[in-house]
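Feature annotations, courtesy of TrEMBL:
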type    : residues                                                                                : note
DOMAIN  : 28-213                                                                                  : domain '3-hydroxyacyl-CoA dehydrogenase NAD binding'
BINDING : GLY33, GLY34, GLY35, LEU36, MET37, GLY38, ASP56, GLU121, LYS126, SER148, ASN172, LYS304 : NAD(+) binding site
BINDING : SER72, LYS79, SER148                                                                    : CoA binding site
SITE    : HIS169                                                                                  : site 'Important for catalytic activity'
DOMAIN  : 215-312                                                                                 : domain '3-hydroxyacyl-CoA dehydrogenase C-terminal'
Amino acid sequence: MAFATRQFVRAASSDAATAAAKKLLIKHVTIIGGGLMGAGIAQVAAASGHTVVLVDQSDEILKKSTKGIEESLKRVIKKKFADKPEAGVEFIKKTLKNLTTSTDAASVVHSTDLVIEAIVENLEVKNKLFQTLDKFAPEHTIFASNTSSLQITKMANATTRQDRFGGLHFFNPVPMMKLVEVIKTPMTSQKTFESLVDFSKAVGKSPVSCKDTPGFIVNRLLVPYMMEAVRLFERGDASKEDIDVAMKLGAGYPMGPFELLDYVGLDTSKYIIDGWHSLEPNNPLFAPSPLLNKLVEEKKLGKKTGEGFYKYK
């Protein structure tokens, strides 16, 4: 009898553990930040049937975000529904029906399954946001950051839900780029991690997994590559034009490193490398560039300002 009781207790415990370990089916998503990244994430989430709330500081920003999403959807249906224009119109209607906007993050997270932050790359600002939302979001809600360079662990530690916190790094432009880096901190539970992977697949992306290391996978390889190109140019070993041509024709890259730096923004690249340098000052891959610093100081930030390593009309 005692043996049977022990067996029953073990079975009950096992069932409870299995229930606790069940992944969260993410249906309702709140996205903080109506810029290019946030709007792009909102678009793919709404298009895949999720209920989405896009949050930013003003109605003006959100109107611009919504208009951008509508224009992006029109481009999508030209390819996806080329032979079925009526189905394309219906697709846009359904997607936009799944999307609402708000200027009050605290009031809309009370029923959400997932919060994705896509605001300015400033750890203090992000931490303040997560601390606030942590007080209003339900216990089951997963928090995720779309940061490309900051430590997810430091953000998770600003909340009481370290086990329900991870990284979801989408790539720009979100509707076109298939990759999502799913970042697992030492505290992220397996349940949370698998839920984030499933969500990434549900919005039509191909997820890859990475620990919370500087730059994750893509930027950890890409930023040092771009910085080494700058150093090659600084030393006078080759012109920036020849370096760009070499990498496009020799390595098959769609852009050369200097074209890519101008596209990303020199201020963004400097911010990333400065942050990594502060973490690992003796790592030569993370050494700052005098030329990059000079261009940023002169407000020559790339395509967005009309001049970076190249000039743009």
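Glycine residues also receive a Cβ, built from the backbone N, Cα and C atoms like all the rest.
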- Between HIS169 (site 'Important for catalytic activity') and SER148 (CoA binding site), find the distance joining the two CA atoms and give it rounded to the nearest Å. 6
- Message: By a 10 A CB contact count over all chains shown, which of the binding-site residues listed here is most packed: LYS79, LYS126?
- Response: LYS126
- Item | Residues that sit under 8 angstroms from MET37 (NAD(+) binding site) by C-beta distance, when 6+ apart in the chain | ALA118, ASN146, PHE170, ASN172, VAL174
- Note on the structure: Candidates GLY33, GLY35, ASP56, LYS126 (binding-site residues); nearest Cα to LYS79 (CoA binding site) turns out to be GLY35
- Task: Round to a whole number and give the Cα-to-Cα distance in Å for the pair LYS126 (NAD(+) binding site) and SER72 (CoA binding site).
- Result: 27
- Query: Between the binding-site residues GLY33, GLY35, ASP56, which lies closest to SER72 (CoA binding site), Cα to Cα?
  - Reply: GLY35
- So among the binding-site residues GLY33, GLY35, who's got the most Cβ atoms within 10 Å? GLY33
